[in-house]
């Protein structure tokens, strides 16, 4: 091979320098000194730090040797070492592997994989998966049938009346009763919301997600959408948290941990907070605008435009290098049922441990707010911005509760709509504002937990002002153009 | 050139460019001192959108082809082509990786894309998909443009 030469030169030089560096290492590292030296010449940051601490006298000399070796080689040592290993492995493989036969199944998998990653056939396949996996299984079965079963039949008809009765009997103080079984109590809101509303949705979602994951579809989806995500400062990898956000934004914010850089994690968190409505919210907003298909279209267009605009601006303004996209495309596999069950079970457990305390905390916060009449004050303050949007003052309550549970806020609007207090334009303005409005309290806490309190609080303040600004201009635009929905 | 702040002498071509982190879309003619990070105007440098594109345009690795301290191999030799210009399904051999920043080299190394390996380009849009050994990888244009190949004649 023509590239044998630098390899040989590297071996001679590296062996020499490794010996010289190893001779200067005095402390105990738990490895042989020449292995420590090998890590040092590869620029292993952890080892460099450790040696600097443990060898204060010899450090300058050691660092000098490492730099000297790097200067004498044309290419970084880590790269040369990787090439050396690769060449050895190839030689070994060539000696031991004689022939490879491809089976009919493998051929079929290859064909299917081609169809999935070709944009012409890949996008229709994506829509089929979204329709069957997400809409029918998670949306209709999980969020529809199962939620109905658990919330209506288990909680509202059996558990809640029984617990309310018990607390009325055993808890003498009304404030304490309110805390556990009141309208926003720990059991009636926190536990019920986590178990009856979120649990079925996330269980079905995690099941569908595990199937997609185990077949190897997700990397193919990521590469299909990479170009689009580059425009908003993310890469194809971000598809996973953002799709998850359509189920539950709080959980999706947790999943942004899978993104490789801080910049990507920040942009994804911001987009989730601002422009990705969660499943519960989507349901109520669709029922709110049900009789006005034009309203739904305008709503969807505005949310999409905000998503793109915010992403585009963030990609321009957030400091950091534009991300690289690289991903191994694994073979397509038929998922193992047992694996999927184990994986889904583990995730639900993890989810519960992460999210349950937050829901309970949210209940506590609402309880304290109502008890101290802080809520009444906040509602009165919120009345002003709500009037600027051309909405009746009653909607202020819906907006405040929208912060604790976004779908609850939208639910409040639903009651106002039934009472005939809102016109078509007002419904649209309120729906848009509430979608962009502050994330629910669980997501707010998650933002702080994942991004630190500075970033978490600034994202919330930003979404607050941004949502009202968009609502204000939407109302103004509708009035100026004389549109009545 | 010499940094007006800390006095360090440096080669403007090899100084890391702050462009990619900056929202200004035109080449502003400034260089960042590798010693202290101060941005200084380069005298006689071409400015404007066209200049920036020529320096940091599509298809080039971060920092352009000329600027590099960790550039891994010599300039393109005879019969060498950048991966993005290779025909689809034509077998080739990786001849060199031309990478400016260390993290990109590490990414390619982690995928096991190294000189001497057989590589086949399977698809160019929406992402570059290559077959190396028994594995397939998806790469974006920036990373694919770092890989230089020698097309192999089919036998």
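For all residues, glycine too, the Cβ spot is worked out from N, Cα and C.
Unlike curated records, TrEMBL annotations are generated automatically.
These features come from TrEMBL:
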{"type": "DOMAIN", "residues": "A:19-97", "note": "domain 'FeoB cytosolic helical'"}
{"type": "TRANSMEM", "residues": "A:120-138", "note": "transmembrane segment"}
{"type": "TRANSMEM", "residues": "A:193-212", "note": "transmembrane segment"}
{"type": "DOMAIN", "residues": "A:198-290", "note": "domain 'Nucleoside transporter/FeoB GTPase Gate'"}
{"type": "TRANSMEM", "residues": "A:232-254", "note": "transmembrane segment"}
{"type": "TRANSMEM", "residues": "A:266-289", "note": "transmembrane segment"}
{"type": "TRANSMEM", "residues": "A:296-318", "note": "transmembrane segment"}
{"type": "DOMAIN", "residues": "A:298-346", "note": "domain 'Ferrous iron transport protein B C-terminal'"}
{"type": "TRANSMEM", "residues": "A:350-369", "note": "transmembrane segment"}
{"type": "DOMAIN", "residues": "A:352-453", "note": "domain 'Nucleoside transporter/FeoB GTPase Gate'"}
{"type": "TRANSMEM", "residues": "A:381-404", "note": "transmembrane segment"}
{"type": "TRANSMEM", "residues": "A:424-445", "note": "transmembrane segment"}
{"type": "TRANSMEM", "residues": "A:457-478", "note": "transmembrane segment"}
Problem set entry | Secondary structure composition of the domain 'Nucleoside transporter/FeoB GTPase Gate' (A:198-290) [DSSP: H/G/I, E/B, coil] | 77 helix, 0 strand, 16 coil
For this session: Give the one range among A:120-138, A:266-289, A:381-404, A:424-445, A:457-478 whose Cβ atoms make the most pairs under 8 Å with those of the transmembrane segment (A:350-369).
Result: A:424-445
Problem set entry | pLDDT averaged over the residues of the domain 'Nucleoside transporter/FeoB GTPase Gate' (A:198-290) | 86
Problem set entry | Segment proximity, the transmembrane segment (A:232-254) to the transmembrane segment (A:457-478), 3 or more C-beta pairs under 8 Å | no
Exercise. What parts of the chain pack near the transmembrane segment (A:296-318), using Cβ distances under 8 Å and only residues at least 6 beyond its ends?
Worked result: 231-234, 263, 266-267, 270-271, 274-277, 285-286, 289, 428, 431-432, 435-436, 466, 470, 474, 485
Problem set entry | Structural state census, the domain 'Ferrous iron transport protein B C-terminal' (A:298-346) (DSSP three-state) | 30 helix, 4 strand, 15 coil
For this session: Could you give me the DSSP helix, strand and coil counts for the domain 'FeoB cytosolic helical' (A:19-97)?
Result: 59 helix, 0 strand, 20 coil
